[in-house]
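Below: one structure, written as structure tokens.
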Amino acid sequence: MDEKKALQYEESKRAEEITDIELVSVGGIDVEKKYGETKRALKSRHVQLIAIGGCIGTGLFVGSGSALSESGPASLFLSYVIMSFVIWTVMNALGEMCTYLPLSGASPITYIERYVDASLAFAAGWNYWYAYVFLVASEVTAASIVIEYWTYAVPTAGWIAILLFLVAVLNSFFVKWFGETEFWFAIIKVIAIVGLIILGVVIFFGGTPKHDRLGFRYWKHGLAFREYIVKGASGRFVGFWSAVIKSGFAFILAPELVIFSAGETEAPRRNIPKATSRFIYRLIFFYIFGSLTIGVITSSKDPRLLNAISSGASGAAASPFVIGIQNAEIPVLNHIINAVILTSACSSGNSFLFAGSRSIYSLAKEHQAPKIFKYCNRWGVPVISVAVTVLFACLAFLNASASAAVVFNWFCNLSTISGFLAWICVLVAYLQFRKAMILNNLWETRPYKTPFQPYATYLTLFLLALITLTNGFTVFVGHTFTAGNFIAAYITLPIFLVLYVAHKLWSRNWSFGKRIEEIDVTTGVAEAEALEQMYPAPVPRNIIEKIWFWIA
């Protein structure tokens, strides 16, 4: 009976697909065209800047201050190195799968269902969606806190409403508008971080009004690895591991921004590899060098930093970058950096709303969510998905009646662990994809290849599993246990499990993943190759264009 039910479920899915499809000819090949399809309007330069700019938010500019104060500069730096490796591996896995099969409306959810299991895709898909909801809420909350650095004239709820309306509008019209907005937001963030790193070098060598050569002063006298919660070597390890977990928020669900945009990108087989292959250099420069700069210019025991964290201070007041600049007695820059932080929070909220709406849109296309979420307006935007994501992002209004810092930390914890679970699912899908491609003698035909596989994936899976299971370990250390912190740290795990089991019960498909020989690695490839022919590579006419085409 169970097998019959599972067969009926699969047949109903195929029947729905048939009623939603018409065929058009592209390059002489019949290609599926879904009604209400998104449109490929994002260009290479949009994808390149989304790859790095969309994820640079409050985690790096503000959230790093908490990790610095608790763990010390060396722990902060090493935590960013470790998380950069994790992100690089996840990006490579997604890049290979997406470049091989860049279907319209495809997402990580598509590949998890195709290569692993429909139930895992269901759980991962909804996990993606509510993680992005939390991220939109957290970035909007952060932006409202940043504005309060200048004025309290408008209530917090007012700023949250204005910012939610702004990102909703940017995500409701041409996707090109979203791409252009993120392009310029990202340029501002990149220029700011480059400037801050250069300024950090100047401060390091004493080129400030005080002429005080800092060097690695704040790494000495036992401050490099600070004791946290408990004393001695155990305390230093607790501090280090706490920094690793907290640093995850600065990166969380960043690789997926590129993959969610792939279905709306011109020439995805050319532009997605370009974005993913250069991601490692951006990680090294912006995140690793950025965290090193923070540890050089700001002491983990700085009174301003500690007071800002304990009081839930707003924006630049809690940014270790700004505190280091103020200590160097450089005027005005604190307001400039606060403006950059505000831009970053708005930009990240905008990007996360885009990804969240595409998550539920992709779920609907995979028949894992109501059909209404597949509806796209005449500009190719899934407006129902956007509206529902914005509606739930109104959780940010909790900030109007609770401590901003407390609510911000709740959202950080929930979204971070959801992101870790999503990455585990992606890497499992990649290993299945790899095995199926090898079995079908197609492994060497994939258009984009990444190094150190599958070993990097196995190591990253181990790290992610360890981080996920221990993310709330500090509540068990010393006398710091609180029910709120415990729930925030681990509530995502039972939610994910309930989603997975519920789908198994509904579909009556009790297999734990597809057998390798059952995995389809050919359907859709001809369409992808035909699509590639529609977008010939641009030929540079001069040295300036050659440089620009390399960058973007």
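Glycine is no exception: its Cβ is also placed from the backbone N, Cα and C atoms.
Mean predicted confidence for the topological domain 'Cytoplasmic' (1-48): the pLDDT average there is 53. Here Swiss-Prot flags 1-48 (among others) as topological domain 'Cytoplasmic', drawing on sequence analysis.
The topological domain 'Extracellular' annotation in Swiss-Prot covers 70-73 (among others), and the record cites sequence analysis as its basis. Sequence-remote contacts of a segment are chain residues at least 6 beyond its ends whose Cβ falls under 8 Å from one of its Cβ atoms, and for the topological domain 'Extracellular' (70-73) they are 79, 218-219, 223-226, 228, 236, 239-240, 242-243, 246, 292, 294-296, 300.
Residues or ranges marked as topological domain 'Cytoplasmic' in Swiss-Prot: 95-117 (among others). Remote same-chain partners of the topological domain 'Cytoplasmic' (95-117), defined as residues 6 or more beyond its termini with a Cβ less than 8 Å from a stretch Cβ, comprise 34, 37-38, 40, 124-125, 128, 256, 258-260, 262-265, 268-269, 272-273, 275-277, 358-359, 361-363, 365-366, 368, 422, 425-426, 428-430, 432-433, 436, 446-450, 511-514, 519-520, 524-525, 527-528, 531.
Summarising the annotation, Swiss-Prot assigns topological domain 'Extracellular' to 139-149 (among others) and lists sequence analysis as the type of evidence.
Residues 38-39, 41-43, 45-46, 49-50, 53-54, 261, 264, 347, 350-351, 353-354, 357, 377, 379-381, 383, 386 of the same chain lie 6+ residues outside the topological domain 'Cytoplasmic' (171-184) yet bring a C-beta within less than 8 angstroms of a C-beta in it. The topological domain 'Cytoplasmic' feature in Swiss-Prot is assigned to 171-184 (among others).
Annotation comment: Swiss-Prot describes 206-239 (among others) as topological domain 'Extracellular'. Away from its own ends, the topological domain 'Extracellular' (206-239) comes close to residues 70-75, 295-301, 328-330, 473-474, 477-478, 480 of its chain (Cβ-Cβ under 8 Å, at least six residues beyond either end).
If you look up Swiss-Prot, you'll see 261-278 (among others) marked as topological domain 'Cytoplasmic'. Residues 38-44, 46-48, 50-51, 91-92, 94-95, 98-99, 102-107, 175, 179, 255, 354, 358, 380, 447-448, 450, 528, 531-532, 534-535, 537 of the same chain lie 6+ residues outside the topological domain 'Cytoplasmic' (261-278) yet bring a C-beta within less than 8 angstroms of a C-beta in it.
Residues or ranges marked as topological domain 'Extracellular' in Swiss-Prot: 300-335 (among others).
Proximity of distant same-chain residues to the topological domain 'Cytoplasmic' (357-378), defined by a Cβ-Cβ separation under 8 Å and at least 6 residues beyond the stretch ends, is recorded for 13, 16-17, 20, 34, 36-38, 105-107, 109-110, 113, 118, 121-122, 125-126, 128-129, 132, 171-172, 260, 263, 384-386, 388-389, 503. Residues annotated as topological domain 'Cytoplasmic' in Swiss-Prot: 357-378 (among others).
The topological domain 'Extracellular' annotation in Swiss-Prot covers 400-410 (among others).
Taken from Swiss-Prot, the feature topological domain 'Cytoplasmic' covers 432-457 (among others), and the record attributes it to sequence analysis. Here the topological domain 'Cytoplasmic' (432-457) has long-range neighbours at 85, 88-89, 92-93, 95-97, 99-100, 111, 115-116, 269, 272-273, 276-277, 513-514, 516-517, 519, 521-522, meaning same-chain residues at least 6 beyond its ends whose C-beta is under 8 angstroms from one of its own.
For 502-552 (among others), the entry in Swiss-Prot reads topological domain 'Cytoplasmic', with the evidence type sequence analysis.
Summarising the annotation, Swiss-Prot assigns transmembrane segment to 49-69 (among others) and lists sequence analysis as the type of evidence.
Under the heading transmembrane segment, Swiss-Prot lists 74-94 (among others).
Long-range contacts of the transmembrane segment (118-138) within the same chain: residues 58, 107-110, 112, 164, 167, 252-253, 256, 348-349, 352-353, 355-356, 359-360, 362-363, 366, 368-369, 389-390, 392-396, 408, 411-412, 414-415, 418-419, 421-422, 425, 428, 492, 495-497, 499-500, 503-504, 507, 509, 513, each at least 6 residues beyond the stretch ends and with a Cβ under 8 Å from a Cβ of the stretch. Residues or ranges marked as transmembrane segment by Swiss-Prot on the basis of sequence analysis: 118-138 (among others).
According to Swiss-Prot, the feature transmembrane segment maps to 150-170 (among others).
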Among the ranges 150-170, 240-260, 336-356, 379-399, 481-501, the one whose Cβ pairs under 8 Å to the transmembrane segment (74-94) are most numerous: 240-260
Candidate ranges 49-69, 379-399, 458-478 - greatest C-beta contact count to the transmembrane segment (279-299) (under 8 angstroms): 49-69
Chain residues in Cβ proximity to the transmembrane segment (49-69) (below 8 Å; excluding those fewer than six residues from its ends, i.e. six or more beyond): 42, 75-76, 79, 138-139, 142, 146, 179, 182-183, 185-187, 189-190, 193, 242-243, 246-247, 249-254, 257-258, 261, 275-276, 278-279, 282, 286-287, 290-291, 294-295, 298, 300-302, 305-306, 308-309, 315, 318-321, 323, 337, 340-341, 344-345, 347-349, 351, 412, 552
Top partner of the transmembrane segment (185-205) among 150-170, 240-260, 336-356, 379-399, 411-431 - counted as Cβ pairs under 8 Å: 336-356
Seg_contact(the transmembrane segment (379-399), the transmembrane segment (150-170)) with at least 3 CB pairs under 8 angstroms, min sep 6: yes
For the transmembrane segment (458-478): best-contacting stretch of 150-170, 240-260, 336-356, 411-431, by Cβ pairs under 8 Å: 411-431
Ranked first among 150-170, 336-356, 411-431 for CB pairs under 8 angstroms with the transmembrane segment (240-260): 411-431
Tertiary contacts of the transmembrane segment (411-431) (same chain, 6+ residues out, Cβ under 8 Å): 63, 86, 89-90, 93-94, 96-97, 108, 111-112, 114-116, 120, 123-124, 127-128, 130-132, 134-135, 137-138, 141, 245, 248-249, 252-253, 256, 395, 454, 457, 460-461, 464-465, 467-468, 471-472, 488-493, 496
